[in-house]
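Written below as structure tokens is the structure these notes are about.
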Amino acid sequence: MATATMVLTRVKVQRRFGLALRVTAVIALLALAALPLLLGGDVWAQRISRAAIYAVIGLSINTLTGHAGQISLGHQAFVGIGAFAAAFTASRLGAPLGFGLAAAAAAGALTAAVIGLVALRVTGLYLALVTLAFGLTAETTIFNWREFTGGGAGALAPRPTLLASDHAFALLCLGVLALVLYLDWRLVSTKTGRALTALRNNERIAATLGVNTTGYKLAAFSLSGLIAGLAGGLFAHWNQIVQAMDFEFQVALVWVLMTVVGGLRSRLGVILASALFALLPLTLPNFLSSLPWQPPFLNEAVYHVLPPFIVVVMLLIVLRCFPGGFGQLLRPATRWLSTGSARTPRTGTGGRT
Amino acid sequence: MKRRHMLKVDRLMLRFGGLQVLDGLSLTVREGQIVGLIGPNGAGKTSCFNCLTGIYQPQSGTVHFDGRDVSHLPTHRRARLGMARTWQNLGVIDTLTVTENVMLAGHQRTGYAALAGMLGLPGTWHRERELQRDAAEIIEYFGLDAVAHERTGELPYGIRKTCDMAMALATDPKMLLLDEPASGLSPEEALGLATTLRELRDRLKLTILMIEHHVPLVAEACDHVYVLNFGQLLTEGPPADIQRHPEVIAAYLGGTAAETPEPPEWPLKPEGADHGTA
Amino acid sequence: MGAFLALGLFQGAVYGLLAVGIVLVYKAKRVFNFAQGEFGGVAAFTAYAIVVGTGLPYWAGVLGGLAAAVATGLIVERAIVRPLESSSRTIMLVALVGVALFTIAIIVLVGQPIPRVMPPLVDGGGVNILGAGILPQQLILMAVLAVLAAAMAWFFKTDLGLAVLASSQDTRAAQVVGISPIAVSRLVWGMAALLGGIAGLLYAPVGIFTPGFMTLTMLVPAFAAAVLGGMTSLPGAFIGGLAIGVVQNLGIYYLGQQLKVPGAAELGVFALLMLVLLIRPQGLLGGAN
């Protein structure tokens, strides 16, 4: 009896110690991630904003492709419409930033809902084609509409004084990212997540279990568009000017690749891959040209085209070697952080075994 | 005593291109009955289920369920009225655990809006825990506790089949449509299923319509049997009569009643063409 | 107006040529080949390097370009398509998008992102058709398109073509009757790359070309053409290409010039694509195939 109590106590102590260790690890990692923001000056504050915006875009694609199983190759249209809506609200109407972001989110959601209506009839590869064509059309038609976007010159999106500093703006971007993360987490842990999983795997089974497949599909598109529009609004104020050429259709393709590289349905993976893809074009050329030895056939101009090249190589490696993306590679670590055991747990949704 | 109609199907016509799958099929299931739907492969049994649940839209004919015309309701609305089904090649979602599957089946009973769940409004957390408890109860009833947190895709066929049944019950149905519940079971297990079905019917006040090839199970469990051939009703009646019906024996076996001392197990081959998931 | 019609027809010939390659891959492998345009890009840049860079004769450039395209096709087949055979079609699509971007990145890395002018196959002034100046190059392109579409349609009637179709329907059954699925896969991708290469070589001299020129402006109209033709019909792809070219240029004429709508060409293609997919998803010429 006494030994049993002792063993139990020891297990309890070990468990508490493990928990403390894990909490410390999470805090340390967060602190490490915050270092560039604290010590890096304005340059790093800007970069972190960009990384956060990309992460929001990645999560938006993850909502649609990862959760609902629908593909979009025209996501730059949703982001772009959000960006121009925010710029329009800020510069033409002079409304405060909050209104601008709300307008951006609404514009993105509305556009995506329209594409969602199409997706009810057109599925699979054809949907990919429709979204690609839509993105292209949005890029050349809507984004060049002089009255709305200011044509080639672009639309101005000044920041309010409160957020004028790069640090303040970075905090706003991180705040939005946290909000989107929270939404995604709750989505996955409630009936919506289960319904979307069923929808993604088998629409007929989902429907016979009472899931309104049409409604959820449209909702997934709208939500994805809403998040994308929000990211667009942030982008507008990050850059302070929005131009049609910011939303060329390769951009959308790269975003899809980045989400897949990060790992569909893996929040951490998507964030890491998005941040990497956001920072690579900014940091890699500087880093390479600051190296003491320059390879003979490489030069400044080449450094600038390297990032997309690296992105695609990463995609091809991911697809062939670990289809779960970064998320799959990180799973032992994330599992340890969340449950304390690195091995495959028997718990699925958090019930006790 | 005549009980009221739970399901009343009137002159269903279903065509795929030039193929007449259902040809004026009518059938009635009364409240509390266990009714069998049998027939050779390709007779249109699963297509009939698909019309009842609204997955196929028949060219003509009506479906009344629980006193309501549901002919033009989408599948999920019929499910909400209390129509649940199992699938020939299983209605479980492979990437979810058994618990999650059963919770998924509780979709229509969650009692909170999807948006509320996403925003994490206070009531939803509590409700999720309740759903989990409900699911655990159902899982325990079916003896699935040991695998409650395993992904269904990694489980053996028999367990996934049980999970499918558990999910159908978790939707809180008035009526169960079972598509070959005994396939993959041993003859003894199949007979045991008859007891389970009767018990479920009595305890949960269910009405059951099932497609089944396993004659002893049909004979044991069903109050009434419909025989389908080439999309038409061949005959109907109590199981004992059906077993002796010469046309039924001919349609199934191409032989005569005298040659079969014991009702055989009819072929268990799936009707792939009737029910594709693609 | 007439000039726009004529321009549209000849522009459409390029879409048709790409669409024939897209349809070929779709018929045989049920895959949307987003890399089809870049086979042309590889061919055009290789030919340019040979003809302008080293001063070798034109035919050497053409041969080199086509060889490079086919080699690219075979590498893609071996390195990407075959290993991913069992994964979902969406993953395959993403991978092929990756291949297109990868190829563009390589071309930029090797050749710098500057515009180039490829000398045409035949010199000489334009011919006036309906008030539009049509280059001899474009006339050749139209003729080649017609011949290739007919040849491809004929190919699927030959034993080899039927074998390719059979293997797309049921790999194991095809294996049983002695068709190696690997050989079929190689054949299909090689042929698709050859078609793409021809399209690139013929189109590059029509204007100025830059890295990615086939994917960025040609690919979506080409896919629209293939969809218009029903995705599995080779004559359909041919006619669809011409139709898309005409619609695009009519869009430019009516929407762009008269109503000053920006991006009229893309808008026209998108509208037509939506119309076909929503109203007649089997395409204008698609049948039960």
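Here, residue 1 is simply the first one shown, and the rest follow in order.
Placed from the backbone N, Cα and C atoms, the Cβ positions cover glycine too.
No curator has checked TrEMBL annotations; they are predicted automatically.
Listed in TrEMBL:
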TRANSMEM  C:6-26  transmembrane segment
TRANSMEM  C:38-56  transmembrane segment
TRANSMEM  C:62-81  transmembrane segment
TRANSMEM  C:93-114  transmembrane segment
TRANSMEM  C:134-156  transmembrane segment
TRANSMEM  C:176-202  transmembrane segment
TRANSMEM  C:261-279  transmembrane segment
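Comparing C:6-26, C:38-56, C:62-81, C:134-156, C:176-202 for CB pairs under 8 angstroms to the transmembrane segment (C:93-114), the maximum falls on C:38-56. Between the transmembrane segment (C:6-26) and the stretches C:62-81, C:134-156, C:261-279, the greatest number of Cβ pairs separated by less than 8 Å involves C:134-156. Beyond the ends of the transmembrane segment (C:38-56), by six or more residues, the same chain brings 18, 21, 62, 64-69, 72-73, 99-100, 103-104, 107, 111, 116, 118-119, 192-201, 203-204, 209, 211-215, 218 to within a C-beta distance below 8 angstroms of the stretch. Away from its own ends, the transmembrane segment (C:62-81) comes close to residues 29, 31, 35, 38-40, 42-47, 50, 92, 95-96, 98-99, 103, 185-186, 188-190, 192-194, 196-198, 200-201 of its chain (Cβ-Cβ under 8 Å, at least six residues beyond either end).
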